[in-house]
Amino acid sequence: MAPEYAAAASSLDPLIPFYAVDCDASQNKALCAEYGIKGFPTIKAFPKAGKGAARDYDGERKRNAMVDYAKAMVPDRVKKLRVGDGISAFLADKKNLPHALLVHPSTPSIPFLWKVLGHRLTGKAHLGYVKDPKGVIVADLGLASVDGPRLLFWGEGDSVSEYDGALKFNALFDWLEAAIAGDIREATEKREEPSSSTTTAATSVKAPPKAADTEDAAARRARLQAKMDEIERRDRLRREREAAKKAAADEQAGGTPVEDAPAAEPEYADPPPAEPEEAAEEELATPGVTHTQPVAPESPEPTDDGTPVDAAPAEPAEAVEDEATEASDWDAWPESSTDHARDEL
């Protein structure tokens, strides 16, 4: 299961964090006992960070199944509008909160990334979405016509501000958090504008990710898979020891003498403890905002005297749903797809 779990984690990064917990480690025993983890591996999902009961995942141990399950846990907090209705009703709703409206020229469904942001900012801002192929809403607001998605924000009063940065999860979240606090700032990461010679191609071809981003994602995935492989190896050794002890006990019970045999030794020396998954930047947990946090399982390590140590595993991924893709890729991103959940619009 380790490769499938790692692949699911990579697909939803950074929208839904996945974790692997070693229940044999002393610092994790209380956590694993709290959630009554008995078998290995165990997957639990947490729809709300620090709130609500954990859910057991009993589905197929495949990437797509785990991704679909995690995405389905994300509640829909985004208000979907129609161009003909205008935006007056949207702005009149929840007047005590700032409003953020994502205007897209072609995609009818709400991008998964925007749904995640709507969930993360629940109680802090009211988010909306509208498909506006002719730019009617933008024109009514007196804004210049620009190709691609537009993010509009209303804080106190009737004035509207527009986000001009990269349409990526972390960049959008940071800007909206600052705007909600009254700090309308320039985006730290600017949106890449296609040149005139590549404008047409940019609507259907996604720019390659930066080398550093690719390396970071690959490193996280490799660490997670290595950790899961080690968990499975330890669990296999534990089962082998238990089977050998049971066979010896059965033979003794039948009256047949049993020759002394050396205790089974692990195939490999125990490796150093796996590094904790680096999920701080993916979580972006904020006070008052619910966010799913999954924890994945890890198996117990045998003790020096050969006695298996029962332990408990982990917690899985938070939940969020639909799909998010960058401006140039939205039209090619079907709502039902379970490929990599893009962290860009």
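Numbering starts at 1 and runs along the chain as it is shown here.
From the backbone N, Cα and C atoms, a Cβ is placed for every residue, glycine too.
Unlike curated entries, TrEMBL annotations are predicted automatically.
The annotation domain 'Thioredoxin' is assigned in TrEMBL to 1-71.
According to TrEMBL, the feature region 'Disordered' maps to 186-345.
Taken from TrEMBL, the feature compositional bias 'Low complexity' applies to 195-211 (among others).
Look at TrEMBL and you will find 226-249 tagged as compositional bias 'Basic and acidic residues'.
Residues or ranges marked as compositional bias 'Low complexity' in TrEMBL: 257-266 (among others).
Summarising the annotation, TrEMBL assigns compositional bias 'Acidic residues' to 275-284 (among others).
What TrEMBL lists as compositional bias 'Low complexity' is 308-317 (among others).
TrEMBL lists 318-329 (among others) with the feature compositional bias 'Acidic residues'.
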Study note, to complete from the structure: Taken over the domain 'Thioredoxin' (1-71), the predicted model's pLDDT averages 89
Point to revise | DSSP helix/strand/coil residue counts for the domain 'Thioredoxin' (1-71) | key: 29 helix, 7 strand, 35 coil
